């Protein structure tokens with residue numbers, strides 16, 4: 001019995017995974033904007049500054065934001081517009097299986113894109129190997145994982161709380177382009193942090209903390225202050241060299257979105273529960289009303305019964 005159920009759920013999981021894959025490749029903009037623009041921008045900068053310590057990882061993080069947040073948001077919005085989400089809700093597809101498939105595709109597609117960008121960059125710009133050899137692998141991996149989770153929950157947050165598709169797309173694009181230009185790829189991160197007013201504004205950016213963890217890990221600076229006298233680079237990430245602060249803020253950011261999503265789900269579940277109870281009560285009252293009508297021949301009683309019914313309604 002369990003084996004048959006598992007096979008059924010796996011079949012549904014695979015079907016949804018294939019649907020997402022076809023949808024991704026059907027839109028050439030996904031490939032062009034998701035991969036090419038990030039790689040092209042990174043390529044141009046590295047061609048002139050092939051020793052820059054932040055361009056490679058910043059480009060990978062931007063590609064991650066594009067795919068795991070923006071393209072995922074476009075996909076689920078498109079499904080909602082075509083009533084595909086409603087059709088799945090009305091079917092016997094397990095919610096856990098549905099979300100597991102969405103999560104798995106998001107992770108796999110994002111991982112492949114980031115891996116391709118990384119390999120191409122390392123082949124074309126071997127000077128970056130210096131940073132690879134000295135990087136803090138745990139910081140980089142943790143930062144990338146946190147970055148991906150942040151992207152995913154932001155997409156779900158926008159989809160859940162903003163029903164207007166145009167607004168969700170606009171906000172998604174704003175997050176993507178601000179990440180691209182102000183967190184280490186479009187403009188050198190050293191230049192960004194030197195502008196105090198801009199640096200303060202970027203503390204509000206949801207992607208800042210996870211990307212900073214990746215950047216600091218890539219240059220092996222757990223205290224988040226990188227100095228390279230040979231390259232004349234002095235980057236203070238803005239955490240007063242408190243090692244724990246970026247991790248705390250990154251986790252707080254994720255927790256905030258998750259709490260909002262869980263709260264919305266609880267409210268919706270309570271509403272559905274109350275609605276079901278109301279329907280059950282109305283059905284019971286209707287049955288009792290019909291039963292009383294069938295059991296009496298007294299016209300006056302029927303009039304009173306009808307009047308009571310009207311007052312209750």
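Even glycines carry a Cβ here, placed using N, Cα and C.
For 29-48 (among others), the entry in TrEMBL reads transmembrane segment.
Sequence-remote contacts of a segment are chain residues at least 6 beyond its ends whose Cβ falls under 8 Å from one of its Cβ atoms, and for the transmembrane segment (54-73) they are 24, 30, 33-35, 37-39, 41-42, 45-46, 102, 106-107, 109-110, 113-114, 117-118, 121, 125, 128, 131, 140, 144, 147-148, 151-152, 154-155, 158-159, 168-169, 172-173, 175-176, 179-180, 183-185, 188-189, 207, 210-211, 214-215, 218-219, 235. Annotation comment: TrEMBL describes 54-73 (among others) as transmembrane segment.
TrEMBL lists 100-125 (among others) with the feature transmembrane segment.
Look at TrEMBL and you will find 137-162 (among others) tagged as transmembrane segment.
Beyond the transmembrane segment (169-189), the same-chain residues lying 6 or more positions past its ends with a Cβ under 8 Å from any Cβ of the stretch are 38, 41-42, 45, 49, 52, 54-55, 57-59, 61-62, 65-66, 69-70, 73-74, 77, 154-155, 158, 162, 198, 202, 205-208, 211, 215, 235. Feature annotation from TrEMBL assigns transmembrane segment to 169-189 (among others).
For the transmembrane segment (244-267), the residues of the chain that approach it from at least six positions outside its boundaries are 142, 146, 149-150, 153-154, 156-157, 160-161, 206, 209-210, 212-213, 216, 224, 237, judged by C-beta separation under 8 angstroms. TrEMBL lists 244-267 (among others) with the feature transmembrane segment.
Outside the transmembrane segment (100-125) by six or more residues, the chain places 12-14, 16-17, 20-21, 24, 34-35, 38-39, 42-43, 46, 50, 56, 59-60, 63-64, 67-68, 72, 76, 132, 144, 148, 152 with a CB less than 8 A from a CB of the stretch.
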